[in-house]
Amino acid sequence: MNNDQNSFLPSSQPIDIIDGNITSTSNQNELSTLDEPIFETIKRDLSAVLRKFSHALIPRQSLTLLQQWDLWGPLILVTTLAILLQTNTTKTSSGMHFAEVFILMLIGSIAITINSQLLGGKISFFQSICVLGYCLLPLLISAFINNFLFYLPYKSILHIIRFLIVMIAFTWTMYASICFLGQTQHPNRRILVLYPIFLFYFLVSWLIILHTHSK
Amino acid sequence: MMMFASDGFLTDNSSSTNTGQTHVFTSFPNSAVDVDDEHSGNKTINQSDSNQYTLPLPATANETTSEQYHLWQIEYYQKYFQVDTRQVVERLIGSITPRPNKSYFDSTIRQNPDLYGPFWVCVTFILTVAISGNIVDYFHKSATEFQIDFSKITLSALLILIYWWLMPTAIYFFFRWRLNRIEYTFLELLCIYGYSLTIFIPISILWIIPINWLQWTSTLIASIISGSVLIVTFWPTINSDHKRFSALSMLIILFVHLLMALCIMLVFFHVSDKNINPTTETTTVFTTVLSTTPK
């Protein structure tokens, strides 16, 4: 009894103390990234973004992509897509405005995050924006190609060619996002989680296919 | 003397017996096991393979046993999403194949109603209607006039979501007030009606083809097929008492179903003989009618 009471008093019993320096080596690294030249920071972030772009183009499974998510790629790609899909809206029916692509991206990410969490997966909102944004790269390339093709003659065959190009880009995009998401889901429910992503890219593909220039 | 043991916890090694005020952590409860381990993942897969009808648990199942979730936490809603791919596909196929004696509802949905299937079937239907409506406009108008019409998405979402929620509400209150019992919970009714819209997804793609008789016959056939699945589901309950109402209520259910399909077909897809373009704003409809009458 006496032993137990005294064991909680600071000065009575000898207790082995762990001593050391409070500033550990991890703090040292953070200070050094604040002090480094801007060129180093930009180079590091840019190489991370470019690495993710290459993963979107040549899909391979890697868990580190989800763990080190960033939003630069989605920002660049969605802005470019919104600019490409602009039309001159002078008629009474609404064309594609700049903000609608952003809103579509936002609603799609929210829906996919909530769906994936409800089914037991562990993806967060920013991770899903990262995946959806980076995997838009093939669709963006197809939108570029479509814009150039529009200036050629032979209109009727062009419909079919544009449709085929966008469909190829769509399958490429789906394959890339399947590889990105990897093992985050229970195997029995993988298709249930991937289906909303399919719907999202399907909608974006049709927006690209139906986009015309008004002369 | 108090010292740090090998597992990192502060233990009292001076006395061998536990003297009541010091707690020695030597055993860990099962909830501390990481559910993302390969071992536990394999365990749930084996369970699902062995017994065909036990439902595999979601990845967070071990943590839900003793906690009461609130309305704003996402785990509160997880109980409505306890389905697998195989089960969803089974329910989808069951909703488009009417069998006279067997209600697919009793065999598949009743023990585990879910919200995944109905919600995503409705969203798919909304998107295919909106996209197909835009495709019809694309081929109908010249290249300079066509604009992607976003209001089609909101209009189709309004129509379809109202139908999906209105009919279950009406049937739920019908059962409660007329028959004085709750035969189907509201969730099960939402399930039935959500899955009944499955057949309209390929039909909405078929509606793009601008042949008049094809549009009408496909609408009729699709409504009859999915309506008969609805009738087979509700018939045993309705028929057991109040026989006067049974035939009438079945007819009403079928009629409202047909009405919904016709509404969507006429608003988005119908190309009549006079080549009046279907638009979503009433003012432009009036102006086109006025402009085409002098012909």
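For all residues, glycine too, the Cβ spot is worked out from N, Cα and C.
All annotation found in TrEMBL is predicted automatically rather than curated by experts.
What you see is a predicted model, and the numbers here were worked out from it, not measured in a lab.
Quick look at what TrEMBL annotates:
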- A:65-207: domain 'Yip1' (DOMAIN)
- A:69-86: transmembrane segment (TRANSMEM)
- A:98-119: transmembrane segment (TRANSMEM)
- A:131-154: transmembrane segment (TRANSMEM)
- A:160-181: transmembrane segment (TRANSMEM)
- A:193-212: transmembrane segment (TRANSMEM)
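Most Cβ pairs under 8 Å with the transmembrane segment (A:69-86) belong to A:131-154, among the candidate stretches A:98-119, A:131-154, A:160-181, A:193-212. With helix defined as DSSP H, G or I and strand as E or B, the domain 'Yip1' (A:65-207) counts 108 helix, 0 strand, 35 coil. The average pLDDT for the domain 'Yip1' (A:65-207) in the predicted structure is 85.
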